[in-house]
Amino acid sequence: MKSFLSLNDVENLPALVKDALEIKKNPHVYKDLGRNKSMCLIFLNPSLRTRLSSQKAAFNLGLQTAVLDVGSQGWQLEFADGVKMDSDKAEHIREAAAVIGSYFDVVAIRAFAKLENREEDYSEQVMESFKKFCPAPVINMESGTGHPLQALADLITIEEHKTVEKPKVVLTWAPHLKALPQAVANSFSRWMQAADFDLTITHPKGYELVDEAVGNATVEYDQQKAFEGADFIYAKNWSSYSQYGQVLSKDPNWMVMAEKMKRTNNARFMHCLPVRRNVIVEDAVIDSNNSLVIPEATNRIYSMQVVLKHILEELKSSH
Amino acid sequence: MKSFLSLNDVENLPALVKDALEIKKNPHVYKDLGRNKSMCLIFLNPSLRTRLSSQKAAFNLGLQTAVLDVGSQGWQLEFADGVKMDSDKAEHIREAAAVIGSYFDVVAIRAFAKLENREEDYSEQVMESFKKFCPAPVINMESGTGHPLQALADLITIEEHKTVEKPKVVLTWAPHLKALPQAVANSFSRWMQAADFDLTITHPKGYELVDEAVGNATVEYDQQKAFEGADFIYAKNWSSYSQYGQVLSKDPNWMVMAEKMKRTNNARFMHCLPVRRNVIVEDAVIDSNNSLVIPEATNRIYSMQVVLKHILEELKSSH
Amino acid sequence: MKSFLSLNDVENLPALVKDALEIKKNPHVYKDLGRNKSMCLIFLNPSLRTRLSSQKAAFNLGLQTAVLDVGSQGWQLEFADGVKMDSDKAEHIREAAAVIGSYFDVVAIRAFAKLENREEDYSEQVMESFKKFCPAPVINMESGTGHPLQALADLITIEEHKTVEKPKVVLTWAPHLKALPQAVANSFSRWMQAADFDLTITHPKGYELVDEAVGNATVEYDQQKAFEGADFIYAKNWSSYSQYGQVLSKDPNWMVMAEKMKRTNNARFMHCLPVRRNVIVEDAVIDSNNSLVIPEATNRIYSMQVVLKHILEELKSSH
């Protein structure tokens with residue numbers, strides 16, 4: 001693997017998941033891979049799970065890490081070419097990416113959608129610019145349109161808990177106070193379909209995801225109907241794609257409740273966290289034995305670790 | 001040792017101090033204990049000594065560390081159960097503690113008293129919730145009511161410098177501009193008594209510590225009298241417990257001055273730092289040969305290291 | 001090397017540069033030097049290259065690092081002696097430096113000029129106080145008057161790319177929106193002269209550097225004339241020393257442009273980064289094959305690493 005920006009960088013998805021599950025059994029086996037190597041974690045936005053699970057994955061691989069919190073230090077990047085840089089943007093991505101990529105063997109970046117301009121967010125300017133100007137492999141720790149490390153962790157979790165070959169997986173929109181990016185939902189939808197699961201997406205009208213994310217999934221506007229026979233319920237809020245970044249509904253009836261779970265095939269409940277209890281999901285569901293939110297978060301270690309392993313192996317073989 | 005929230009977690013205090021002094025002589029002997037293990041340091045409040053000495057202790061034990069500064073990233077936790085999370089608190093302690101404890105072998109937390117609500121601070125909500133929901137051992141890096149790593153470092157320092165078996169130790173309140181927590185004073189009082197030292201606490205009326213902290217210590221409102229025959233003078237400001245969080249006095253006569261030190265038995269001067277010179281203590285005292293403030297701060301490495309050693313040994317023996 | 005505050009701490013400059021170039025060829029050879037040792041990186045100001053290259057240099061030497069961002073945690077230091085500390089400064093440099101120096105084997109500090117008071121900035125209060133009160137070796141990561149790690153990286157870069165024994169090096173002032181310190185320009189001027197290069201400094205009137213920095217360099221107010229026959233053009237903005245901290249000119253004619261580069265001896269272009277494109281330098285110059293800005297930034301690893309190597313060797317030999 002050369003870089004990991006999205007599902008497109010995965011050659012063999014079943015093999016990747018299998019490898020992650022192997023690593024989980026014995027996480028320190030590949031500790032020599034990271035020897036004399038180092039990774040920079042760049043956060044343009046806050047992070048808890050991604051920050052900590054990425055460092056843990058690096059520890060497991062013997063890989064050194066340096067963390068750069070960009071927001072808190074007021075470091076602003078210019079992405080446009082040919083511009084006279086007399087604004088508050090002190091450095092151009094061309095230099096920043098080239099320099100950081102000359103220091104480290106791997107560069108991982110988080111840059112959320114700003115939800116102000118759809119074209120800008122969906123152009124993946126930050127990720128694509130880093131990929132273009134950074135000589136080191138780049139890892140997406142959530143970008144404008146996707147969160148592939150989360151989707152891979154979700155897939156690992158479902159593989160561990162599924163009881164049928166092709167489970168029915170339901171991605172359900174749930175209400176939230178603030179406008180959130182579509183990144184997690186986009187990636188989840190793409191990865192579930194790539195894994196050949198039976199995916200249904202349910203949300204109020206106006207919350208349709210971008211076509212490339214919807215793909216061949218079933219879209220069902222009736223949440224109750226969508227839940228019928230489900231093996232996995234994956235809850236997530238996102239803001240509107242069509243009316244970009246808008247909160248069109250806060251309807252509490254879309255919360256995942258124990259009553260609704262009864263319609264499922266004893267489904268497991270999933271969410272990427274952090275989750276607002278009794279807004280996104282009822283306590284009775286997230287505290288039930290069917291909840292997978294903690295194992296799912298734990299698998300963030302192994303999704304990062306398997307990606308790092310494949311990137312380090314590629315680096316090794318290319319030298 | 002399973003966790004280290006307070007003195008209550010110490011089985012054999014003299015043995016712990018002895019072990020710390022042994023470690024100090026040869027700090028890298030136990031480097032294998034931390035192999036393939038990692039610790040998360042969570043700071044809800046600023047930290048210099050605790051942050052750096054904890055990392056140093058971990059280095060000495062071969063333990064990897066990840067640091068999470070919560071305040072600067074606006075991460076707010078919900079502690080109440082059954083609540084509809086539609087405020088600014090984005091994550092529940094149940095998930096946060098469970099996830100972080102699934103990533104790391106040890107979790108250390110700093111969460112100061114807020115000094116707004118005595119019941120809340122003295123309920124030790126943050127520490128107790130972490131202990132409850134975090135599967136990994138938890139270390140208190142200063143909580144609402146105590147700072148046991150500081151008290152252990154203080155005890156190590158006194159053991160190194162005492163000239164009699166049972167020294168007279170005086171904890172004296174000293175003035176300060178702002179309202180400070182009682183944590184350091186509470187723990188110091190408890191640990192000195194557990195070490196069976198002769199403890200006198202002196203402060204203006206209204207600054208009485210909570211009964212559990214005072215224990216059997218002598219309380220003396222006349223500072224001059226308290227200093228008589230003292231072997232160790234430990235200065236610290238704290239806000240009122242009875243009129244919770246209030247600053248009842250800024251009386252400069254309570255500053256520790258060279259003139260007052262003459263009444264002591266050539267006492268050593270101690271303070272946990274940071275210290276405001278010529279407010280808490282006169283330059284002439286802190287700059288004298290009798291000052292132990294730097295060796296005391298250095299011992300913060302060994303108080304953390306001995307606690308980590310005992311926790312890692314427990315982890316090893318339980319696997 | 002005992003500490004590294006400025007050029008004055010370098011005994012043999014050609015040997016230092018030669019050693020850096022050797023290290024660059026094989027960066028992990030001295031990994032045992034850092035074993036069981038650790039460094040604290042203290043940032044009173046933002047940092048990207050210095051932060052990351054210093055950590056990378058430490059990784060290469062097997063040296064553990066702890067990073068302390070002072071600004072973001074509101075930690076304010078008192079430097080004056082005898083003062084009653086009842087302001088917002090919570091800790092005296094005497095304690096802070098002594099404690100940090102008791103925890104770590106090496107302490108590196110960044111403390112920019114504040115550009116408010118020339119005497120204060122040029123007294124190097126922060127660096128000199130740390131050197132005085134910190135028992136561990138101190139490294140300057142940019143101070144009030146100098147940035148020697150940058151100058152050493154610049155020198156390494158010129159050594160790698162020069163085609164004549166004594167190249168003509170031109171330090172040219174270039175326009176900028178904000179008032180910037182003189183630190184980089186001061187150190188560059190001193191180090192280029194110490195390396196016995198032919199140095200010309202060009203800038204608008206009023207931007208003369210402090211005499212000690214100018215030394216025997218040629219000062220030429222006509223930029224075009226200065227560029228004639230140059231082998232290296234080093235662009236940098238700085239604020240006025242005589243009218244301290246003032247921006248006297250934003251004249252865009254001082255920008256480094258392709259047209260001007262034609263007057264040089266096919267000169268290489270250098271800048272310490274971050275650089276404002278089309279303000280300091282035209283895209284056509286920084287994007288040309290003659291631009292050295294990325295290799296120069298990469299050499300920041302090796303300037304730090306060679307300094308650390310010499311400091312660690314000194315520590316080893318003195319124990």
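Just so it is clear, glycine is given a Cβ too, placed from its N, Cα and C backbone atoms.
Whatever TrEMBL says is automated annotation, not expert-curated.
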In TrEMBL, N(2)-succinyl-L-ornithine binding by C:Glu142, C:Lys236, C:Arg276 extends, among C:His176, C:His310, to C:His176
The correct DSSP tally for the domain 'Aspartate/ornithine carbamoyltransferase Asp/Orn-binding' (C:184-309) reads 48 helix, 20 strand, 58 coil
Rounded Cα distance in angstrom between C:Ser47 (carbamoyl phosphate binding site) and C:Glu142 (N(2)-succinyl-L-ornithine binding site) is 10
CA pair C:Arg276 (N(2)-succinyl-L-ornithine binding site) / C:Arg49 (carbamoyl phosphate binding site), Å rounded to integer, equals 16
Binding-site residues near C:Leu149 (carbamoyl phosphate binding site): from C:Glu142, C:His176, C:Lys236, Cα within 10 Å gives C:Glu142
Fewest C-beta neighbours within 10 angstroms among the binding-site residues C:Arg49, C:His147, C:Arg300 belongs to C:Arg49
Comparing local Cβ density (other Cβ atoms within 10 Å) for the binding-site residues C:Ser47, C:Leu149 points to C:Leu149
Quick tally, other C-beta within 10 angstroms, C:His176, C:Lys236, C:Arg276; top of the binding-site residues is C:Arg276
Between the C-alpha atoms of C:Cys272 (carbamoyl phosphate binding site) and C:Lys236 (N(2)-succinyl-L-ornithine binding site), the distance in angstrom, to the nearest integer, is 8
Of the binding-site residues C:Arg49, C:His147, C:Arg300, the one whose Cα sits nearest to the Cα of C:Lys236 (N(2)-succinyl-L-ornithine binding site) is C:His147
Out of the binding-site residues C:Glu142, C:His147, C:Leu149, C:His176, ones whose Cβ falls under 8 Å of a chain A Cβ are none
Going by C-beta under 8 A and a gap of 6 or more residues, the same-chain neighbours of C:Glu142 (N(2)-succinyl-L-ornithine binding site) are C:Asn45, C:Thr50, C:Arg110, C:Ala111, C:Phe112, C:Leu149, C:Gln150, C:Pro181, C:Ala183, C:Val184
